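Noted in Swiss-Prot for the protein shown:
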- 4-159: domain 'N-acetyltransferase' (DOMAIN)
- 84-86, 92-97, 123-126, 130-133: acetyl-CoA binding site (BINDING)
């Protein structure tokens, strides 16, 4: 296995991260959905709206784990893993699990007792990775569905 270095993301990583975000969106067959920019991401990192880890092999960014802090009235603060992505040429090296574990270690060290994420039902490799640890599929076990409003829907609702 090649040696890699994992660092906490900073605003200076925004260009590298947005590039991987576009790659992930293309992989997920949702490329046209990405409207974020490197500059907006840079500001969001500065403002602590998003956090993460970026893995490097040499000078080349190999993968990322982006997350944010959320809040549950039942358990308090928790972490939502937004994007766990490894570039194709760096897959099957244990990097995804290492980046994911880094987030679990952060949660443990901060006393955070919940880590949530979503995965597309056809992404069998990601699901196989997640199946290596204990978790609960909330759709199956508790019947939770996740819903989303886009900007147009928000404006329409707010303007009613």
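The chain as shown is numbered from 1 upward.
Cβ atoms are placed via backbone N, Cα and C, with glycine included.
Feature map: Swiss-Prot annotations on the structure.
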residue: 84; record: acetyl-CoA binding site; DSSP (3 states): strand
residue: 92; record: acetyl-CoA binding site; DSSP (3 states): coil
residue: 123; record: acetyl-CoA binding site; DSSP (3 states): coil
residue: 132; record: acetyl-CoA binding site; DSSP (3 states): coil
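For residue 132 (acetyl-CoA binding site), the same-chain residues that are 6 or more apart in sequence and have a Cβ closer than 8 Å to its Cβ are 97. In this structure, of the binding-site residues 84, 92, 95, 123, 126, the smallest number of CB atoms within 10 A of the CB marks 92.
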